[in-house]
Amino acid sequence: MLFEQIAANKRKTVFIILGFFIFVLMVGAAIGIIVWNNYLNGLILAAAIGAVYILIMVMSSSSVVMAMNHAKEVTSKEQAPVLWDTVESMAMVAGIPMPKVYIVEDPSPNAFATGISPEKGAVAVTRGLLNKLERYELEGVIAHEISHIRNYDIRLSTIAIALVAVIAILSDLAMRLIFWGSLTGGRNSRKSDNNNGGGAQIIIYVVALIFVILAPIIATAIQFALSRNREYLADASAVELTRNPDGLIQALQKISGDTKKMEEVSASSESIYFSSPLKSKKDKPGLFDSHPPISSRIERLENM
């Protein structure tokens, strides 16, 4: 059952990522039709902006993420021996280099991982997590975060965030080009083209315009669907490492029972946390939820 869940989640992720890339190209094609009456120009624009933006995002240092979330590095075992030993042992079981270790001085129990590859991985936990969890529960949470690093989830989520940003940039650019085109006579040219092409040309133009306007909303929903799926995968992978689903279940129950929101959370970092730092209590995931409900995660773990 465990390995079936892992395989199913990996397949689902592949489909989501492929769909995401196709969606970006579709947005580019729609912009090409709207602005230049040529979808190929839009495809080239989308591919170029996407490639550059993804490269910039992927090359960004994990230290930037840590700084945004006020995380302080643990540089020696003596500073946090239990945390250090847990991260070291889980990394060894996972077969990856030991990630850098950080602590966020926040009373709300939570954790996150960053780093685009296992060689550049880093794990951060809040002070509240260290104070609230027993060691076997901490192992479950750390195994979850180590799984994110081993499964290249941070790289995937970085690409997804970049693609959402690219779509937002393209959509905004299209609106500006349409506006300036209308001021400089582009509208008259478009009307002439529509007269030559008939009603079909008008319909294509309107559909493309609506698609471009809605694209950022759809892209954000896809990004969060990917995030929720990777949380399920990391839970299953954590059990693969610890062979003890109860530790992760108990940790989730304790975190769910804690009502304190994190005091300082970077909005752009919300999706990377172990559980939603905003303490959502939903029983069913919404389209724009970065995490599945904790009750749903526990149910899946109990069925392994």
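Any Cβ shown, glycine's included, is placed from N, Cα and C.
Since we're looking at a predicted model, the values are computed, not measured.
According to Swiss-Prot, the transmembrane segment annotation covers 14-34 (among others), on the basis of sequence analysis. Remote same-chain partners of the transmembrane segment (14-34), defined as residues 6 or more beyond its termini with a Cβ less than 8 Å from a stretch Cβ, comprise 40-47, 50, 156, 159-160, 163, 166-167, 170-171, 173-174, 178, 204-205, 208-209, 211-212, 215, 218-219, 222-223, 225-226, 229.
Only residues 6 or more beyond the boundaries of the transmembrane segment (39-59), in the same chain, are considered here, and those with a CB under 8 A from a CB of the stretch are 24-25, 27-33, 116, 155, 158-159, 161-163, 165-166, 169-170. For 39-59 (among others), the entry in Swiss-Prot reads transmembrane segment.
Positions annotated as Zn(2+) binding site by Swiss-Prot, on the basis of sequence analysis: His144, His148, Glu231. The Cβ of Glu231 (Zn(2+) binding site) has 25 neighbouring Cβ atoms from other residues within 10 Å, across all protein chains displayed.
Swiss-Prot lists Glu145 with the feature active site. Glu145 (active site) falls within a helix when secondary structure is assigned with DSSP.
Note on the transmembrane segment (159-179): residues 17, 20-21, 23-24, 27-28, 30-31, 34-35, 45-46, 49-50, 53-54, 56-58, 186, 209, 212-213, 215-216, 219-220, 222-223, 226-227, 268 of its chain, located 6 or more positions outside it, place their CB under 8 angstroms from a CB of the stretch. Positions annotated as transmembrane segment by Swiss-Prot, on the basis of sequence analysis: 159-179 (among others).
Annotated transmembrane segment per Swiss-Prot: 202-222 (among others), in sequence order.
Per Swiss-Prot, the feature region 'Disordered' maps to 275-304.
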Number of Cβ atoms other than its own within 10 Å, given for His148 (Zn(2+) binding site)
26
Please report the DSSP secondary structure of Glu231 (Zn(2+) binding site), reduced to three states.
helix
